[in-house]
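Undergrad: The annotation domain 'HhH-GPD' is assigned in TrEMBL to 44-192. Sequence annotations record features per position, and here TrEMBL assigns [4Fe-4S] cluster binding site to 194, 201, 204, 210.
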Ligand code: SF4
């Protein structure tokens with residue numbers, strides 16, 4: 001097992017330094033060309049890979065142009081257009097009703113506050129944070145997806161279990177200027193090395209400071225179970 005830094009703040013700082021060096025171009029991997037496309041891509045990405053979403057949105061964004069197109073689309077047709085995405089029926093419904101509200105309450109523009117965004121169907125704090133950060137340049141919190149959740153726990157940055165509590169905890173130790181980048185760094189490292197099932201601890205830039213490191217530690221702190 002690696003030896004974490006003395007405080008969680010120092011641990012967070014070292015994690016960020018190392019991951020920034022390893023992934024200097026880390027950024028969002030969803031493709032979009034405006035705020036509405038970003039919102040739709042993020043709704044679609046829940047429990048689905050960004051790769052699959054990007055593939056599906058390639059033709060979706062050509063066919064539908066603006067909130068009105070989605071709001072007026074028949075449910076079956078939109079669902080059919082999303083059929084390779086997980087939970088495509090529900091997501092089609094979220095997109096349609098969100099676009100209706102965007103038209104009725106926000107003049108067809110994607111809103112720029114956490115409260116207004118989370119009033120849209122299928123939009124929780126995580127989705128809203130992504131839209132605020134990348135669509136409006138507003139950083140109100142830390143996006144906690146499955147990679148951030150897993151890595152933060154493995155690395156001893158938090159003992160919280162659920163995304164909203166993890167976010168609040170991380171916001172006290174990750175410097176505010178890194179709230180956005182922290183997520184992308186965790187996602188890149190989670191995909192490249194610290195995967196859910198089989199992390200490659202022997203080739204990890206964080207091994208010496210990671211309390212879950214498989215070489216010595218018997219426990220995966222993300223799940224609390226033995227490796
Ligand atoms: S790959 Fe292993 S050593 Fe690296 S962060 Fe994940 S659990 Fe820790």
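Here the Cβ of each residue, glycine as well, is placed from N, Cα and C on the backbone.
Please treat TrEMBL annotations as automatic predictions, because they have not gone through curation.
Since the structure is predicted, the reported quantities are computational estimates derived from the model, not experimental observations.
Help me picture these features in the structure, burial and contacts included.
TA: Other Cβ atoms within 10 Å of the Cβ of residue 210 ([4Fe-4S] cluster binding site) number 26 in total over all chains.
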Undergrad: Cβ within 8 Å of the [4Fe-4S] cluster site's Cβ centroid: which residues qualify beyond 194, 201, 204, 210?
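TA: The surrounding set, listed in chain order, is 2, 154, 193, 199, 200, 206, 207, 212, 213, 214.
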Undergrad: Going by DSSP, is residue 194 ([4Fe-4S] cluster binding site) sitting in a helix, a strand, or coil?
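TA: The residue in question, residue 194 ([4Fe-4S] cluster binding site), is coil (DSSP, three-state).
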